[in-house]
Amino acid sequence: MGFLEDFQASVEALPAMLHKNYSLMRELDKSLQGVQLENEQRCQQEIEDIKHGLESGSITFDPAKLNFSDEAIEEQKHCIRIADEKVALATQTYDLVDAHIQQLDQFMRKLEEFRQEKEAAASVAAGTAVAAAATVTANANVGVSTADATPKGGRAKVQPELPAPAIDLELPVDPNEPTYCLCNQVSYGEMVACDNSDCKIEWFHFGCVGLKEQPKGKWYCPNCIGFQKKRKGK
């Protein structure tokens, strides 16, 4: 698959990937709001219980012991984890779009190089044709006969237009070599493995999933991250 076809396939898959990420972020928002509401109600009830205990004398005032319950603290930690996951997903989405923008810039540079080379070749061909015509005219002016200036066949010699230099956008691929990633291409450059043991693709190119460096900790591909969020939200 050439660079143009590869880029087009990557861009066509981008809206679906963005829609999936945005849907996951909305689910995280709903989950976070639910946990926050439960935690606020729990903490408010525990504060009321402490007040009643102090007023009735069943609880002795001791700042070191007046803490929220383990359940309330765990809910607060869970809220932080959900918020961190949302930030990580937003960052991944941004990097994914940025990677496609960089690919588009690269493609535009190649098109510009191809255009300049084609124009240069056309200019050389035009200059050669003008020079040949000038030579024929000069020969006619000094008395050179048409028979001498014209080759057999009755046509004046004009150097044919040079073909535009081709730009190699094809990457040779061994048909027997396995393919990976969302782009269904062979292994190249830096790649990252999905930490979901049941991932059908397993390995991904950095640029196709919006990564610039090896992620720290566990990393899940766009196809598997949704299942991980649902499992954590249960």
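Every residue gets a Cβ built from N, Cα and C, even glycine.
According to TrEMBL, the protein has these features:
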| type | residues | note |
| --- | --- | --- |
| COILED | 97-124 | coiled coil |
| DOMAIN | 178-227 | domain 'PHD-type' |
| SITE | Tyr180 | site 'Histone H3K4me3 binding' |
| BINDING | Cys181, Cys183, His205, Cys208 | Zn(2+) 1 binding site |
| SITE | Met191 | site 'Histone H3K4me3 binding' |
| BINDING | Cys194, Cys199, Cys221, Cys224 | Zn(2+) 2 binding site |
| SITE | Asp195 | site 'Histone H3K4me3 binding' |
| SITE | Trp203 | site 'Histone H3K4me3 binding' |
Worksheet entry | 8 Å Cβ shell about Cys181, Cys183, His205, Cys208 centroid, Zn(2+) 1 site members excluded | Ser10, Tyr180, Leu182, Asn184, Gln185, Phe204, Gly207, Val209
Item to complete: Mind tallying the domain 'PHD-type' (178-227) by DSSP state, helix then strand then coil?
Response: 9 helix, 10 strand, 31 coil
Practice prompt. List, in sequence order, those binding-site residues among Cys181, Cys183, His205, Cys221 whose Cα sits within 10 Å of the Cα of Asp195 (site 'Histone H3K4me3 binding').
Written response: Cys221
Discussion item. Tell me which of the recorded positions Met191, Cys194, Cys199 sits in the most Cβ-dense spot, judged by other Cβ atoms within 10 Å.
Written reply: Cys194
Worksheet item: Judged by the number of other CB atoms within 10 angstroms, which among Tyr180, Trp203 is the least packed of the recorded sites?
Response: Trp203
Worksheet entry | Rounded Cα-Cα span from Cys181 (Zn(2+) 1 binding site) to Trp203 (site 'Histone H3K4me3 binding'), Å | 6
Worksheet item: In whole Å, how far is Cys199 (Zn(2+) 2 binding site) from His205 (Zn(2+) 1 binding site) when you measure between their Cα atoms?
Response: 15
Worksheet item: Setting Cys194, Cys199, Cys221, Cys224 aside, what same-chain residues sit with their Cβ within 8 Å of the center of the Cβ atoms that define the Zn(2+) 2 site, listed in sequence order?
Response: Asp195, Asn196, Lys200, Ile201, Glu202, Phe204, Tyr220, Pro222, Asn223, Ile225
Response to the item:
Expressed in Å to no decimal places, the gap between the Cα atoms of Cys181 (Zn(2+) 1 binding site) and Cys221 (Zn(2+) 2 binding site) is 9
Worksheet item: Out of Cys183, Cys208, Cys221, Cys224, the binding-site residues in the record, which is closest to Met191 (site 'Histone H3K4me3 binding') when you go by Cα distance?
Response: Cys208
Worksheet, complete the sentence: If you measure between the CA atoms of Cys194 (Zn(2+) 2 binding site) and Tyr180 (site 'Histone H3K4me3 binding') and round to the nearest Å, you get 12
Worksheet entry | Nearest recorded site to Cys183 (Zn(2+) 1 binding site) by CA-CA distance, among binding-site residues Cys199, Cys221, Cys224 | Cys221
Worksheet item: Which residues does Cys208 (Zn(2+) 1 binding site) neighbour through Cβ under 8 Å, counting only same-chain ones at least six apart?
Response: Ser10, Ala99, Cys181, Leu182, Cys183
